[in-house]
């Protein structure tokens, strides 16, 4: 589990393609600082991945076909930068929100503009996720915990302060680029429970 508070930025050093999967080699000095070891989980652009190889500041992660289909790791190349967050420990502060590292889908940046001390990004998403995205609710964008400031049928907006931009790869986002989206886990369970109740009621009435 994670919080959506990115701790570092990593750089892709190699992309090893394997049929429908791939292995990524990522350089990130943070792994040395936190004494990471093989088997540890890290969020890479918001995706929970396991360290399978580790040498000094470089680590390897294996990316399975489902992850490639559902996330923007399919587009990374040597030199690409990625957000990195270590897994949450029981003693850590919960400064963001509960992020599992299970990306739901990708969104596309449709516009961005500066408003005062913030940069506002508008992101388009598949309409089926609309019930899970609410105004003033939480959402993880490339692993960054953000607050939804506005939501429409298939777009939502988030505002980023300079610190968040500086500490993450979101500062380099351009219109048309894709980002990983993970909706709030609490909303998922509430929606699932309501759907189960509705289905049960339909069966009872029938």
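Each residue, glycine too, has its Cβ placed from N, Cα and C.
Per TrEMBL, the feature domain 'Lumazine-binding' maps to 1-97 (among others). Note on the domain 'Lumazine-binding' (1-97): mean pLDDT across this stretch is 95.
Sequence annotations record features per position, and here TrEMBL assigns domain 'Lumazine-binding' to 98-194 (among others). With DSSP states grouped into helix (H, G, I), strand (E, B) and coil, the domain 'Lumazine-binding' (98-194) comes out at 26 helix, 43 strand, 28 coil.
Sequence annotations record features per position, and here TrEMBL assigns repeat 'Lumazine-binding' to 1-97 (among others).
What TrEMBL lists as repeat 'Lumazine-binding' is 98-194 (among others).
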